[in-house]
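See below for the structure under consideration.
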Amino acid sequence: MNVLIIGGGGRENAIADAIARSERNPALFAVMAKKNPGIAALCEDFLLAKETDVEKVVGYAREKGIEMVFIGPEAPLAVGLADALEDAGIGAVGPRKNVARIEFDKAWARNFMKDNDIEGSPAFKVFSDKEGLQEYIEELGSVAIKPAGLTGGKGVKVMGDQLPDTGAAYDYAVSLLDGDNVVVEENLVGEEFTVQAFVDGKNLAFTPCVQDHKRAFENDFGPNTGGMGSYSDSDGLLPFVTIDDLYHAREIMKATITALGATETPFKGMLYGQFILTKNGPKVIEFNARFGDPEAMNVLPLLKTDMIDVMSAVVNGTLDELDVEFLKRATVCKYAVPAGYPDEPSKDKEVVVGNIGDALLFYSSVYEKDGKVYTTSSRAVAVVGVANSITDAEVIAQNALENITGDLHFRRDIGTPELVQRRVTHMEQIRR
């Protein structure tokens, strides 16, 4: 079987690795904007092209006799790549454009949840101009300001160190109104966690919970990023997430897929639910229509079920006939990013990977030239420790990072006992 992966980041490197482990011995191909050495090493062939160039991607898929495509990033979904592939008779793991909209139009997503009585939304309003904007911000008091469109996780700002007062929140919202709608939401207090699921249009196969860390600097300071690292626990939960919390989060995702199915376009691919665990249970921060990055790198190395079987079940609508299983291990993923990331990243600097021991290595936004690897303006290399405990997995990941050299920055605190305990204590205080 010939399988194509779209995208050239760390998430796609993890997807490619999972496909390459298949006992079905698929021939793997890729379309990516820059040569990711981790993906290229696993491929029979690859095309360097814009991942949003639908005509070129479909043409390449036809040329190579591709039977299934795994679409990694969100941008190709937003331009209808899954639609074009399916219309060409090629199976796509990735939803069609009108249901992928749940990610790339946050205003539509909130209204969709409201219209379908799906639990988990905070108080919110969508604004296309300044009328009533200041009054609503003042009414809520503490707010989150979100551009409606795709921002790579970096456009959202919340009250606190990012927006010190309602005046700053108003000014930021006004700055986003140029060419886009703005979503103003109640700023929820709690701990964030991610639940991801393979979806075949009606059935969901859930992966272990993960907690991502968006802030650039240790102790959760600095600007938002695409994600500096993440961890998962061996029981599929998180130290601050109960079975009941997870049940409610999954029920929200199931209700969302059921409602999307009623639109006459089945949602086939990955549904990513980013939740915040509050005093009143899990609430939805956002939905994404693909694997998270870095969260894919936590869960895919644990996948026991053959990835080709999972992809086939997604495409054919038969996930209910497949037992999708994961190893009961803990993981810690840490990113090395260019110095100055995300605001003023150091570009075109060589990255040298030394002895990473037992860690897994996933290349992200880098490029290979003359046998050497260089940074771009985004996250460079991720390492993943896999062990029986989060603490042991963190040690594996951190030791690996220490042996990757270049003009790079990383967070040492992700997955450490101190940071994990801080999350647990925070939730204990909130639940009182």
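Cβ from N, Cα, C; glycine included.
Going by Swiss-Prot, these are the annotated features:
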| type | residues | note |
| --- | --- | --- |
| DOMAIN | 110-316 | domain 'ATP-grasp' |
| BINDING | 137-194 | ATP binding site |
| BINDING | Gln274, Glu286 | Mn(2+) 1 binding site |
| BINDING | Gln274, Glu286 | Mg(2+) 1 binding site |
| BINDING | Glu286, Asn288 | Mg(2+) 2 binding site |
| BINDING | Glu286, Asn288 | Mn(2+) 2 binding site |
Since the record lists Asp161, Glu185, Glu286 as binding-site residues, which of them has the fewest other Cβ atoms within 10 Å of its Cβ?
Asp161
Using other CB atoms within 10 angstroms as the count, which residue among the binding-site residues Ile137, Ala169 scores least?
Ile137
Among all protein chains shown, how many Cβ atoms are found within 10 Å of the Cβ of Gln274 (Mn(2+) 1 binding site), not counting that one?
19
Among the binding-site residues Asp161, Glu185, Phe193, whose Cα is within 10 A of the Cα of Gln274 (Mn(2+) 1 binding site)?
Phe193
Alpha-carbon spacing, Asp161 (ATP binding site) to Asn288 (Mg(2+) 2 binding site), which is rounded to whole Å:
26
Reduced DSSP assignment, Ala169 (ATP binding site):
helix
Summarise the model confidence on the domain 'ATP-grasp' (110-316) as a single mean pLDDT, whole number.
95
Please classify the secondary structure at Leu177 (ATP binding site) using three-state DSSP.
coil
According to DSSP, collapsed to three classes, what secondary structure does Ile137 (ATP binding site) have?
helix
Please identify which of Ile145, Leu177 has the densest Cβ environment, defined as other Cβ atoms within 10 Å, among these binding-site residues.
Ile145
